[in-house]
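Enquirer: Below are the structure tokens for one structure; questions will follow.
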Amino acid sequence: MSTLLIDLKGQELLAEEAELLAHPLVAGLILFTRNFYDRSQIQALIKDIRRRVKKPLLITVDQEGGRVQRFREGFTQLPAMQSFAAMISDPALQLTTAKEAGWLMAAEMTALDIDLSFAPVLDLGHECKAIGDRSFCEEVEPAVRLASAFIDGMHQAGMATTGKHFPGHGHVLADSHLETPYDERPSAVIFERDIQPFQQLIAQNKLDAVMPAHVIYRHCDSQPASGSKYWLQDILRQKLGFDGTVFSDDLGMKGAGFMGDFVARSEKALSAGCDLLLLCNEPEGVVQVLDNLKLEENPPHFAARQRRLQSLFKKKAFSWNELTKTRRWLENSKKLTALQQSWLDSK
């Protein structure tokens, strides 16, 4: 069963990387800034991956907008999610702009033959260093409206959506890239506020995937949400009725270290309810997992996991030349770049 998403070292596909990508446990890969030189190079890299690895691979990236945008030169400079509400006074225009940002981001990525950009961020608030202006808003209702519009744009471009970081990463000050954060707030606060964007968008059938946080919510469970049956099975699957894909966040992050070595982290995330696992920046860890992770031959959830994986591949795509000649792209690329520049100038 394919379950792992891995990364590449540089701007060309190495022979040993092609071999790893062909491993039965590998479902896909995630691209980073280090894999990018310019648009021609990244298109050539993706084409080479598709040609040399003889199976469907889910190719992903973090191209959220704002400070999390892996490809910049030659692409629209996408605005930070906070800028929609912070820089635009007209509520209707906020929603229109968010929708066009979602569409344009997804359309540019699918034009490269990338299937999925992990978006949108549904965390509330801007105090957490790891989140900051990646969050739409501090309040539930405007955050849900803006995220819903952004999602509509992504879906129009044929890209699946990933809500992150469940059940909410916005109110911890520690960065889970560097350590395991603890959220000390009462569980009632998390359920009344932080989980609401996920709950409401799941109810609206707008989330195709969810990525849990490497955060321990001390008054709810002793495990990080990414390795917690309570959060992923009892709450996400049972209470919220979510039937889409659950991605682990990067198991190479320091915040996942609470769960043990790389094999233990992978086992714990799968046991808790994750369908697909991200393991980045740890090439030796990837080899350890591929050599030692033991999966059931035909687990009862195998068919559901395969169905969920298939649903994440892009549904349609322009070529780059086709996309950049459309009126929608021409109008919105300029507007969105200008919005991001205004946002940066205001800070």
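Note that Cβ sites are derived from N, Cα and C of the backbone, with glycine treated the same way.
Marked as active site, proton donor/acceptor by Swiss-Prot: His177. According to Swiss-Prot, the active site, nucleophile annotation covers Asp249, on the basis of sequence analysis. Per Swiss-Prot, the feature substrate binding site maps to Asp62, Arg70, Arg134, Lys164, His165. The site 'Important for catalytic activity' annotation in Swiss-Prot covers Asp175 and rests on sequence analysis.
Looking at the shown structure, what environment does each listed feature sit in?
Expert: Reduced to three states, the DSSP call for Asp249 (active site, nucleophile) is coil.
DSSP assigns His165 (substrate binding site) to a strand in the three-state reduction.
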Enquirer: Given a separation of at least six residues and a C-beta threshold under 8 Å, show me what packs close to Arg134 (substrate binding site) in the same chain.
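Expert: In sequence order, the residues whose Cβ lies under 8 Å from that of Arg134 (substrate binding site) (at least 6 apart) are Glu64, Gly66, Arg67, Val68, Ala80, Met81, Gln82, Val121, Asp123.
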Enquirer: Out of Arg70, Lys164, His165, which of the binding-site residues has the smallest number of neighbouring Cβ atoms within 10 Å?
Expert: Arg70
Enquirer: On a count of neighbouring CB atoms within 10 A, which of the recorded positions Asp62, Asp249 is highest?
Expert: Asp249
Enquirer: Measuring Cα to Cα across Asp62, Arg70, Arg134, Lys164, His165, which the record gives as the substrate binders, how far apart are the two most distant ones in Å?
Expert: 19
Enquirer: Can you check what DSSP calls Asp62 (substrate binding site), collapsed to helix, strand or coil?
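Expert: Assignment for Asp62 (substrate binding site) reads coil.
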Enquirer: Looking only at C-alpha atoms, tell me how far Asp62 (substrate binding site) is from Asp249 (active site, nucleophile), rounded to the nearest Å.
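Expert: Cα to Cα, Asp62 (substrate binding site) and Asp249 (active site, nucleophile) are separated by 12 Å.
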